[in-house]
Amino acid sequence: MTTTPTPASSPAPAAVPAGSGPWQLARAELRRRTAVKVSLAVVALFLLMAAGAPLLSSLAGWSPEEFDKTAVDPYLGGRPLGPLGGISADHWLGVEPVTGRDLFARVVHGAQVSLLIALTATAIVVLAGTAAGITAGYFGGRTDAVLSRLMDLTMSFPSLIFMIAMMSVAKDVNRILLMTAVIGLFGWPGVARVVRGQTLSLRHREYVDAARVGGSGPWRILTRDILPGVAGPVIAYTTLIVPGMIATEAALSYLGVGVRPPTPSWGQMIAESVAFYDTDPMYFVIPSTCLFLTVLAFTLLGDALRDVLDPRSGRT
Amino acid sequence: MAAQAVPTDPAAPAGPAASEEQPLLSVTDLTVTFPTRHGDVRAVDSLSFAVRRGQTLGIVGESGSGKSVTSLAVMGLHTGARVTGSIALVGRELNGLPERELNRLRGRRMAMIFQDPLSSLHPYYTVGEQIAEHHRVHFGSRRAAARKRAVEMLAEVGIPEPARRAGEYPHQFSGGMRQRVMIAMALACEPDLLIADEPTTALDVTVQAQILELIARLQEQRGLAVVMITHDLGVVARVAREVLVMYGGRAAEQAPVDTLFADPGHPYTRGLLDSLPRLDDSDDAPLRAIPGSPPSLLDPAPGCAFSPRCPRAAAATPAERAHCAGVRPELRPSQGHLVSCHLSLHTAARVQGGTR
């Protein structure tokens with residue numbers, strides 16, 4: 001670089017468009033990091049697992065709700081037969097104590113439920129938060145005041161208590177849908193604040209004035225001029241809130257107000273396994289490891305994305 | 001330079017009243033007030049001017065004299081400010097026009113370029129995309145057609161290899177090239193009026209000349225009306241046909257450029273000209289600054305805004321001084337200029353020794 005006076009794009013004129021755009025630069029930067037590769041692989045693994053849950057469990061030969069009394073010892077309080085919680089060629093990750101349900105099938109289906117709720121809630125949070133933040137930041141004035149107060153209100157609300165209460169009271173509804181909505185409801189102000197702050201600094205840039213001078217209306221300015229500027233921080237922030245969402249889902253399920261059994265979920269499995277920590281530690285280890293790995297992978301990915309896409313924001 | 005090609009009578013006195021054809025832009029009694037916590041700031045006060053097709057009006061003044069506020073008011077970009085008076089583009093009143101209507105005119109009929117081309121270009125898009133964007137906004141043209149137009153415009157503003165350069169980002173251009181891109185962007189939709197807000201301030205001197213020549217050439221080719229806002233008297237002398245000198249949000253003097261430089265009528269204009277360093281000065285001659293500082297526009301004095309700094313007022317009789325400080329001077333014709341000064345030239349003659 002120091003010896004060539006021309007920018008990096010000039011040695012290969014054919015390659016000028018590729019390699020110099022903001023996204024290409026970000027991709028090249030991300031590709032250099034090992035943590036990104038590893039965490040991407042883990043995230044991809046769990047996503048594939050979640051997406052192919054029925055296929056995988058049928059491959060293993062067990063459905064998540066199928067009892068297998070032959071795998072547990074009825075005389076020892078339903079302790080799984082065999083070492084490490086009954087890991088065998090038949091049950092790849094062992095079985096649940098007492099019922100003998102296949103742990104692999106349950107973990108895989110649990111991943112489906114956990115990730116579905118976490119990712120949908122994240123999508124709601126990000127869309128609502130970005131829309132609210134960009135509107136508040138760009139239009140300012142009364143719009144900003146109303147939206148900002150709404151953010152404060154939502155943030156100061158005792159959200160966990162509300163979630164628990166809401167989930168306990170609602171009886172005959174789709175639990176997964178309700179959970180997504182309830183988790184999503186309290187997440188948007190975080191995104192909205194990030195986006196609002198970024199928009200505030202962007203809307204006074206001269207290129208926004210230049211766009212207005214060129215006759216662009218507010219919608220066009222928001223989508224064409226402001227949105228690319230907030231996209232970086234939003235993507236980074238999104239990846240960082242996914243683990244929080246997974247953890248919240250697990251927490252609610254752990255507390256017994258999440259998805260209803262027999263639908264499996266990681267939090268629920270961890271809650272049930274606590275009773276067996278002494279006799280069958282593997283029952284606790286397996287869903288916990290999945291939860292830990294997913295959360296860690298998303299966090300690492302989010303950190304790296306933030307470093308690359310939003311270099312100005314400090315680490316918290 | 002460009003002004004010479006214009007087929008209007010050079011002897012015609014300045015001012016909107018004197019034009020035979022309808023001026024392209026005519027601003028009458030423009031007042032822009034910003035409400036603040038400490039009271040109203042009157043950034044522009046009863047300003048009137050007109051620009052015809054093919055003509056260049058230079059607006060000169062120091063920082064805070066209301067030049068940029070005026071240009072933004074013409075473009076209708078003030079939010080939260082009270083804009084009164086009339087801004088007419090080809091007879092159509094712009095002040096009070098709904099935002100949607102204004103958007104249709106901005107970029108299409110009137111365009112603007114800014115001081116710093118790097119911050120006026122979006123770092124996220126290639127310059128070709130940005131020029132094409134303006135075209136698409138107004139003509140709804142397809143991507144390919146707009147891109148073709150962008151390349152044409154880049155060629156027109158003198159960027160070599162326009163087809164390749166259109167695919168590059170603003171940071172890959174030099175300062176002068178960026179300003180060329182800005183001009184290409186501003187003129188992509190064939191506007192009639194170009195407002196240039198200090199277009200050369202951020203550029204070095206040789207590039208300044210190139211940019212001014214480019215604007216002059218495009219003006220000649222298209223019959224553009226140009227409003228050149230600057231604090232650089234050299235730029236004004238080079239491009240403008242008529243000059244409006246602003247002080248404290250008001251017009252101090254308006255005159256054809258040659259008259260203004262040869263025989264400034266307002267003491268402020270005279271001070272500005274005097275403060276230019278001269279080549280024939282000795283090396284250690286001090287720079288002649290105008291003493292004092294510009295007035296606060298918050299709650300302005302009832303009289304002439306320049307009177308506290310005015311050498312003529314300082315040399316005048318106490319009665320005249322009281323008149324200057326208490327009564328606002330109107331913009332009046334005086335020897336081919338429009339000057340807003342109570343103390344006419346014969347009064348000025350008494351203090352000639354003090355100013356020159």
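The backbone N, Cα and C atoms fix where each Cβ goes, glycine too.
Just so you know, TrEMBL annotations are computer predictions that nobody has curated.
The transmembrane segment feature in TrEMBL is assigned to A:35-56 (among others).
Per TrEMBL, the feature domain 'ABC transmembrane type-1' maps to A:111-302.
The transmembrane segment annotation in TrEMBL covers A:113-138 (among others). Residues 46-47, 50, 144, 147-148, 150-151, 176, 179-181, 183-184, 187-200, 202-203, 218, 221-222, 226-227, 230, 234, 237-238, 241-242, 245-246, 248-250, 259, 263-267, 291, 294 of the same chain lie 6+ residues outside the transmembrane segment (A:113-138) yet bring a C-beta within less than 8 angstroms of a C-beta in it.
Residues or ranges marked as transmembrane segment in TrEMBL: A:150-170 (among others).
Under the heading transmembrane segment, TrEMBL lists A:176-195 (among others).
Per TrEMBL, transmembrane segment is recorded for A:234-257 (among others).
Through the fold, the transmembrane segment (A:282-305) approaches residues 30, 33, 35-36, 38-40, 42-43, 46, 80, 84-85, 87, 93-94, 96-97, 103, 107, 110-111, 114-115, 235-240, 242-243, 246-247, 250, 266-267, 269-270, 272-274, 276, 315 of its own chain, all at least 6 residues removed from its boundaries and within a Cβ separation under 8 Å. Positions annotated as transmembrane segment by TrEMBL: A:282-305 (among others).
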Long-range environment of the transmembrane segment (A:176-195) - Cβ separation under 8 angstroms, sequence gap at least 6: 113, 116-117, 120-122, 124-126, 128-130, 132-134, 136-137, 147, 150-152, 154-155, 157, 159, 162-163, 166-167, 170, 230, 233-234, 237-238, 241, 244-245, 248-249, 252, 258-259
